[in-house]
Amino acid sequence: MKLKKKYNGLVVPSITPLTDNYKLDHEAVEKIFDSIFNYGGVPFILGTTGESASLSNELKLDFIKCAVSIRQPGRLLYAGISSNCLADSIDLAKRCADEGIDVAVAHLPAYFTLTEYEIKTYFETLANEIPIPLIVYNIPATTNVSINLNLLDELSHHENIVGTKDSERNHERLKDSLKLWAHRQDFSHFLGWGAQSAHALFTGSDGLVPSTGNLFPDIYYKMIVAADNNDEAAALQLQRHSNLIGDIYQGKRLLGESLAALKSLMQSAGLCRTYMMAPLLQVTEAEAEDLQRKLQRMLNVENLSLPIYQ
């Protein structure tokens, strides 16, 4: 039987909605969070999908305060604290704790090539110094480092490291990860690889962190319910829908370009505007029209609908 752990379920890596003067769009945050909460998810702010590496400390703190002010009672909030400066990550985690964030998420600094001992020391130092639980985030696409699973398993026994979010697209790694941690009550595995969501749930992963959940949180909520009910056919159909949507805004695009495309689709649903923080750029009008046309065509074929938020 699959364990029910404290940290589990649908964790949506929220975009950072911006105004035309590149401040946080509080109204859009509320719409996005309402959508996430209504489908059983919880938000993860200041991550890769949230363009965290491009945000000022002032904007980050504004987002933290805004998120806490509109959270639903009893629901967790996750926040990214990643930085190339360890002291800045520790300081941000302390501010998160002061404001009411529940869990910190951090990937490696993305500049120097690190030894395994340096990686281990980095995360242990971070976990020792911050006042809230830490999730170790493995994302080679931005850090250019894949955290060794044996090393991550060592870190998993630190009392303040409660899980990992893994966005590495590696089937063997996923299988080996779940062998290590599926039956560990004290350590959670979250998958950030959308195309393997259903498979991961049926083989022991504790939760999903899908960027498409910003637009269609219902797909992943229903997928998790289907997995809990051992309904593989329903989960695979939902996985198919997830893949089709991902192909529209992620296919043949760089990571940053896909985030701009996601914001464009979210604008068509009334969730946010398309502004991106430099150096990323918003999509052109022609690209936006093409994205909307492709999404609507797919929704029509699959007999799905795009939720519209006023």
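Indices start at 1 and increase along the chain as displayed.
Cβ from N, Cα, C; glycine included.
Listed in TrEMBL:
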ACT_SITE  TYR137  active site, proton donor/acceptor
ACT_SITE  LYS165  active site, schiff-base intermediate with substrate
BINDING   THR49, VAL209  pyruvate binding site
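The two recorded residues, THR49 (pyruvate binding site) and TYR137 (active site, proton donor/acceptor), show a Cα separation of 13 Å.
Secondary structure from DSSP puts LYS165 (active site, schiff-base intermediate with substrate) in a beta strand.
DSSP assigns THR49 (pyruvate binding site) to coil in the three-state reduction, placing it in neither a helix nor a strand. Separation of the C-alpha atoms of the residue listed as 'active site, schiff-base intermediate with substrate' and VAL209 (pyruvate binding site): 8 Å, rounded to the nearest whole number. The residue listed as 'active site, proton donor/acceptor' is surrounded by 27 other CB atoms, counting those within 10 A of its CB over all protein chains shown.
Each residue contributes its Cα atom, and for VAL209 (pyruvate binding site) and the residue listed as 'active site, proton donor/acceptor' those atoms are 11 Å apart. When other Cβ atoms within 10 Å of the Cβ of THR49 (pyruvate binding site) are tallied across all protein chains shown, the result is 26.
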